[in-house]
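As annotated by TrEMBL, active site applies to His99, Asp102. Residues annotated as Mg(2+) 1 binding site in TrEMBL: Glu230, Glu266, Asp294, Asp337. For Glu266, His269, Asp305, Asp307, the entry in TrEMBL reads Mg(2+) 2 binding site.
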Amino acid sequence: MAYFENVGKINYEGVKSDNPFAFRHYNAEEIVLGKTMKEHLRFAVAYWHTMTQDGSDPFGKATNIRNWWGETPMETAKNRVEAFFEILEKLGVEYFCFHDIDIAPEGDSLEEFFQNIDEITDLIKEKMDETGIKLLWNTANMFSHPRFVNGAASSNNADVFAYSAAQVKKGLDVSKKLGGENYVFWGGREGYESLLNTDMAFEQDNIARLFKMAIAYGEKIGHKPQFLIEPKPKEPSTHQYDFDAATSMAFIQKYGLEGDFKLNLEANHATLAGHTFEHELNVARSYDALGSIDANQGDPLLGWDTDEFPTNVLDTTLAMYEILENGGIAPGGINFDSKVRRSSFEMDDLFLAHIAGMDTYARGLKAAAALKEDRFFDELKEKRYASYQEGIGAKIVAGEEDLESLTAYALENDDITLESSHLEFVKSRLNDYLF
Ligand code: XLS
Ligand code: NI
Ligand code: NI
């Protein structure tokens, strides 16, 4: 049965097309800088926002019209698998991501939850084999159930730690079964509300303990997905431990996890942290830790994680530039951790929203490729740092100078000539690449 009877395969029709169910910029097989757009972008659809979120918010009930509700939670879960793969196939998206609780009902016990996961992942595996669609990453939801009120691995209650470990073990078993390429840890409630009753160092030691158990178990079962930490500064905790890319790198280095962990960076989390998305990608890149991205955008007028579909071409251009400079995003991808607005409640909005996000990233890719081919930023930066290419600058970089020799130099050269950045001109030129 088709869940989206009115929607066929979404094809590329070009900018002149006025068909809302067509790509106007994303042309999967088009070659950009020697690779197809599909290879560059490695799009993924997120199970939670697409299949399970219902449009409710703290002030109002569900608005989304969905036709996959069954008689029982398991029937609904099975219908969702069918509908999900229909969406992926029609969009031509080759990857997907999920939390354990997105795909299967938790039932009345952990044992029942695991049985449900087994049954649903059998179905997912069948669909994957049939379609060639792949698992970008899965993760464990260790934040929604009341038992996680004080966190998962960072909980003050050791039974909660054990429960979390069981969920991660199952997550890795599922990752192996489905050939997952990455495995994500987003902190959820790993953070704190008040330092008055919190042992921050101990809680972080415990998070690292769980991560090391995950690495060890992956080795034991012979399945090694790329582990990823997804930083977020706040929400749901007041203070999230994985605040941003730099904080997460400090954690990774403190516990010696560099060989096994990279970062999954989300655009809306970057802006919540007071950074641009490209800043976060750049930080990760400087540590060789850019693993994957969660594509979305926040509302700059609101202070929370609105997870909107990305539609800002400047943002996606600068993000794609970082990805190109990184030599690509594989084995990571571009996961739409994005949800339709509460007022976009029709079934077909799920397609329109993904088409918008994919087209916006395709535009970003094309603009970023042009910027790279023109050496737009390279030339700008070469010129800006030129003083380190020769003379005293080259000697500083080569480690040939010290405080005394530089003092002698400065005493002779204290009439310093600075250059204007002409930043307004640069931004205006950058606009030429966007539209
Ligand atoms: C929530 C996070 C979450 C992760 C996966 O803000 O973005 O959706 O991506 O747990
Ligand atoms: Ni995310
Ligand atoms: Ni988020």
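Glycine is no exception: its Cβ is also placed from the backbone N, Cα and C atoms.
Those TrEMBL annotations? Automatic predictions, nothing curated.
Around the Cβ of Asp294 (Mg(2+) 1 binding site), a 10 Å sphere holds 26 further Cβ atoms from the protein chains shown. DSSP assigns Glu266 (Mg(2+) 1 binding site) to a strand segment in the three-state reduction. Take the mean position of the Cβ atoms of Glu266, His269, Asp305, Asp307, the recorded Mg(2+) 2 site; other residues of that chain with a Cβ within 8 Å of it are Lys232, Ala267, Asn268, Leu272, Asp294, Asn296, Gly298, Asp337.
Note on proximity: among His99, Asp102, Glu266, Asp294, Asp337, the recorded positions of the record, the Cα nearest Asp307 (Mg(2+) 2 binding site) is that of Asp337. A distance of 18 Å separates the Cα atom of His269 (Mg(2+) 2 binding site) from that of His99 (active site). The Cβ of Asp102 (active site) has Tyr47, Trp48, Met51, Thr52, Asn141 as same-chain neighbours under 8 Å, each 6 or more residues away in sequence. Other Cβ atoms within 10 Å of the Cβ of Asp337 (Mg(2+) 1 binding site), summed over all protein chains shown, number 25. Checking the recorded positions His99, Asp102, Glu230, Glu266, Asp305 against ligand 3, the ones with a C-beta less than 6 Å from an atom of that molecule are Glu266, Asp305. Secondary structure at Asp307 (Mg(2+) 2 binding site), as computed by DSSP, is coil.
Each of the binding-site residues Glu230, Glu266, Asp305, Asp307 was assessed for Cβ neighbours inside 10 Å, and the highest tally belongs to Glu266. The Cβ centroid of Glu230, Glu266, Asp294, Asp337 marks the Mg(2+) 1 site; residues of that chain outside this set whose Cβ lies within 8 Å of it are Trp186, Lys232, Asn264, Leu265, Ala267, Asn268, His269, Ile293, Ala295, Asn296, Asn335, given in sequence order. The recorded positions near ligand 1, defined by a Cβ under 6 Å from one of its atoms, are Asp294, chosen from Asp102, Asp294, Asp307.
Of the recorded positions His99, His269, His269 has the largest number of other Cβ atoms within 10 Å of its own Cβ.
Taken residue by residue with DSSP, His99 (active site) is part of a strand.
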